[in-house]
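Inspection log for the structure reproduced underneath, given as structure tokens.
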């Protein structure tokens with residue numbers, strides 16, 4: 001029995017030792033290492049730290065560590081291989097064939113964890129959990145995450161919004177300089193004024209605001225990247241943070257704030273102030289350093305040229321009218337111009353000679369000029385010595401023929417002078433002082449061999465400067481020209497012409513009785529239209545002796561080189577006949593422009609008398625004056641009057657008849673002298689005189705036509721009472737030509753008389769048809 005007990009005890013002891021020694025020799029872990037660098041796993045002082053709710057891959061180093069169960073206890077063992085079944089606080093993990101184990105601690109498992117292992121028996125059953133050791137190389141410290149995932153996602157969204165706000169305000173607020181905010185606060189809409197007043201105090205601290213926005217943007221972007229990296233890893237975090245910051249933190253907010261920076265800045269001004277306070281310890285010192293280095297911020301300042309260009313660019317989008325733009329641009333540019341650019345050249349000015357007499361002719365020309373101040377020259381036009389105010393002539397009677405020099409000496413107005421290179425602002429300042437509203441523009445003439453002298457090259461007035469400022473022409477009720485440079489005239493409907501009141505006596509050209517007889521003989525014998533068949537000798541003598549039939553055209557020797565005076569001009573209609581009495585003319589004939597000179601008793605314009613009134617005479621030659629010319633001028637109207645007078649003479653040769661046809665002839669001839677005028681003198685440098693005549697310049701034809709209508713209405717009834725059907729037949733026979741053919745011109749007159757014309761236009765054709773003629 002004793003031997004049996006001993007054998008049983010030995011067997012139990014062997015079994016116990018075998019089991020315990022097997023357990024002791026089953027798993028021996030020397031230390032732990034981090035196999036892969038993963039988020040949430042760090043090593044500090046040899047202790048592996050793992051954040052809860054994160055994955056960590058560790059490697060077991062030791063004896064028999066493959067395919068073992070792993071767990072962790074919350075209490076340290078007294079010694080290695082102590083059982084730890086009751087102290088485990090984590091889930092069970094299993095190592096693989098390489099001794100690698102994947103760990104993931106729950107959020108509740110925090111603090112230090114001590115490694116416990118457990119082996120599987122050969123029959124598949126498990127053994128007890130045993131501690132490995134409490135050395136630091138086998139201890140893992142579990143830490144809880146800073147915030148849960150949902151909180152991280154919310155915080156990432158908030159940071160993304162703040163990043164966009166800082167980026168947008170950096171562009172929106174910094175683009176609004178202080179000057180622009182002042183402008184908006186005073187001239188913007190009520191809402192814009194309110195926004196500008198909120199932003200202006202903060203924007204004045206430019207560098208402080210800039211540092212705050214940049215620091216805030218950098219801080220937010222860094223935090224956003226870290227949080228996003230805690231949720232993801234690797235390339236996903238890099239690409240995600242980059243795309244989010246670029247799109248939602250830069251592009252979108254900056255595109256919005258570039259257009260609506262004022263409104264966005266006003267709505268976020270409180271948040272901006274808050275971040276300025278939060279970043280004050282760092283941003284304020286940096287801003288003061290920038291102020292010392294860069295100086296005070298002034299803002300955008302534009303020059304005059306930049307303002308003009310800005311005005312032109314903004315003109316398409318603002319509510320400025322074109323005249324407003326012109327006034328603004330003119331006010332900005334006029335100081336850069338000189339008086340020589342806006343003056344009226346002396347050759348284009350209306351001047352008076354100091355030797356002039358203030359008769360009706362001179363004063364009517366002054367009134368017709370339309371000027372209130374007229375310069376007066378002595379000798380040459382460039383030598384201006386005085387200024388005549390038109391109001392000074394209020395008490396001057398033209399019939400007194402007072403010398404102009406007397407009026408000038410009585411009033412003695414000062415003559416203001418400026419140099420040609422004087423700027424317009426200085427000239428305007430002179431005008432504003434009340435000295436004068438007109439100045440003579442002087443320039444030093446140092447050409448030639450003589451000493452230099454001051455020469456007047458033009459006239460500048462206050463109106464010229466104002467027109468330059470407003471960039472438009474000022475036309476008052478007395479102006480003749482719209483622009484004194486272009487010479488464009490003002491079109492007026494009711495313009496008085498005082499030249500009709502000028503006396504005729506000074507213009508009458510007298511000839512001797514012998515010369516008058518020679519003209520009579522020549523016309524009656526050499527010109528068929530004035531032969532006895534058409535015009536009686538008595539009527540022809542009356543026609544020659546009429547005062548206005550003989551005219552003179554003079555050529556001024558000083559202007560002979562610059563002006564050409566024509567009696568007839570090719571291509572211009574006329575309706576008068578001319579016989580040269582004295583002087584020389586140059587005649588250009590044909591398409592080959594054959595030139596020859598002609599003199600006394602040369603006849604021109606015969607066709608103007610033979611044409612019907614509806615067919616204007618257009619000469620195919622040109623007659624130009626070479627010297628002073630005296631000539632006999634008979635218009636178509638006067639010639640028709642002579643034909644009528646001749647007809648009356650031949651029908652009834654009684655004293656009453658002679659008196660009646662004398663009245664008809666002289667009345668019509670006297671009225672017709674105003675209907676025809678000689679060709680005007682033509683400046684060789686400008687042909688505007690012909691253009692103005694052909695453009696329909698108002699003439700005196702209308703007055704002549706009304707007078708002729710009145711005369712015919714008065715005379716025709718007396719004439720018709722003497723007529724019957726037999727008189728008509730006798731008149732037709734009397735007025736026939738010797739060959740038996742009826743003279744078309746005379747028959748025309750007879751038909752007109754018999755049919756009792758209602759107006760002058762029916763008798764001689766509408767005189768208005770020749771109003772475009774240069775004559």
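From the backbone N, Cα and C atoms, a Cβ is placed for every residue, glycine too.
Residues 207-228 are the range that TrEMBL records as transmembrane segment, among 207-228, 295-316, 317-338. Annotated by TrEMBL as transmembrane segment, the relevant range among 234-253, 354-373, 374-393, 394-413 is 234-253. Within the listed segments 121-148, 149-176, 177-204, 429-456, TrEMBL records transmembrane segment for the stretch 149-176.
Feature transmembrane segment, per TrEMBL, maps to range 260-284 of the set 35-59, 60-84, 85-109, 260-284. Within its own chain, the transmembrane segment (234-253) has Cβ neighbours under 8 Å at 160, 163-165, 167-168, 221, 224-225, 228, counting only residues six or more beyond its boundaries. Beyond the ends of the transmembrane segment (149-176), by six or more residues, the same chain brings 199, 202-203, 206, 209-210, 213-214, 216-217, 220-221, 223-224, 227-228, 230-231, 244-245, 248-250, 252-254, 256-258, 260-262, 264-265, 268, 271-272, 275 to within a C-beta distance below 8 angstroms of the stretch.
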